[in-house]
Amino acid sequence: MSKQTVALFFGGKSAEHEISIISARSIAAQIDRNRYELSPLYIDRDGKWHASECSQQVLDTDIAALLRSGTPESAGKRLDELTAAAAGECFDFGSFLKNTDVAFIALHGSYGEDGKLQGCLDTFGIPYTGCGLTASALAMDKVLTKLCAMNAGIAVAEFMTITSCAYMANPLETIVEITKRFDWPLFVKPASLGSSVGISKVRNAEELAAALENACGLDSKALVEAAISGREIEVAVLGNSDPLASEPGEIIPGSDFYSYEDKYIKNEAKIVIPADLPEGVAEEVRKAALTVFKALGCEGMARVDFFVENGTNRVILNEINTIPGFTDISMYPMMMAASGIGFAELVEKLLLLALEKRSITHKI
């Protein structure tokens, strides 16, 4: 039987560029080379697609070690060196279309997780892992995700949407409006970034102004959200029409909240899988994860994040990630492993789900 070619997309224009590379390295190590030919496809920070030689060199670079070396800027420097050396290479889009059987998308954040690439691949009839265009776009936007979840009966924290234009036009009025509506502390988040990029916990008006400046500089709108006193619980979901939910996992942050630095540089957070939850709460969280997954029209995979409120055990949606991390410290593969699906099997299932999804859409 001839091997199928898997195009592994990684890198990208988002702030999660390095994390995408780390995820791709983990995925590449688990792809069954007896069944698949791997064709790495690196997208640099400027959005340029690189030919296989440069892409393989980037994939071979241990970005995680560079990030944790104490000089994270060395990761960016190394990537710049590789792409500069490959400046004369020309990506052959025609060959890509002809030879690719299925795409594994390991891009996180904007221009990879938000539906843009999914729409491009749909146009050319290339099946791909994870959610389709619409679900990807909805899930990428934390505000739209909350509205869909509320419509499906899932609790969310009190929130308010601030457009970057409105804030820049009248920052003082925006801050006054927020302070009237919310108690301290609260969270400010870019509406469409992942890996906790740009998130701030604020305790006063001065910190609020700085947090809004930061979030609005990263995205076209910001989400202001009441702080929830509770445990951070996550669930991995896998499947198309009949998805399954994993054992829940718990993150115990090493700081005020599970920040980008906590996740990928300091690595101080404690992870507990399965989460030690009161009787009935674990099943409620799993059911809520499936409800959100279906409400958004997700396919393939997603990680759904919740709070379990202290004192009440109320299950409150935080967010959903349609292309969760696949690093060695990422919750999604670890929760699946705790549910009986190892990393290699998980990668294989995601590729098969992508092909299954394509076979269904081709009948329409």
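Think of each number as a place in line: the chain as shown, counted from 1.
Backbone N, Cα and C atoms are what each Cβ position is placed from, and that goes for glycine too.
Here Swiss-Prot flags 146-352 as domain 'ATP-grasp', drawing on sequence analysis.
For E207 (ATP binding site), applying a Cβ distance below 8 Å and a minimum sequence separation of six or more within one chain yields S200. According to DSSP, E207 (ATP binding site) sits within a helical segment. The ATP binding site annotation in Swiss-Prot covers 179-234 and is backed by sequence analysis.
Look at D305 (Mg(2+) 1 binding site): DSSP puts it in a strand. Sequence annotations record features per position, and here Swiss-Prot assigns Mg(2+) 1 binding site to D305, E319.
The feature Mg(2+) 2 binding site is assigned by Swiss-Prot to E319, N321, with sequence analysis given as support. Note on N321 (Mg(2+) 2 binding site): other Cβ atoms within 10 Å of its Cβ, all shown chains, come to 22.
Counting in whole angstrom, L193 (ATP binding site) lies 11 from E319 (Mg(2+) 1 binding site) by their C-alpha atoms. A distance of 13 Å separates the Cα atom of I228 (ATP binding site) from that of D305 (Mg(2+) 1 binding site). The Cβ of N214 (ATP binding site) lies under 8 Å from the Cβ of V188, G198, S200, each of which sits 6+ residues away along the same chain.
Checking each of the binding-site residues D305, E319, N321 against T179 (ATP binding site) by C-alpha distance, the shortest gap belongs to E319.
For the binding-site residues L186, K221, N321, a Cα-Cα cutoff of 10 angstroms around D305 (Mg(2+) 1 binding site) retains N321.
In this structure, S200 (ATP binding site) is part of a beta strand by DSSP.
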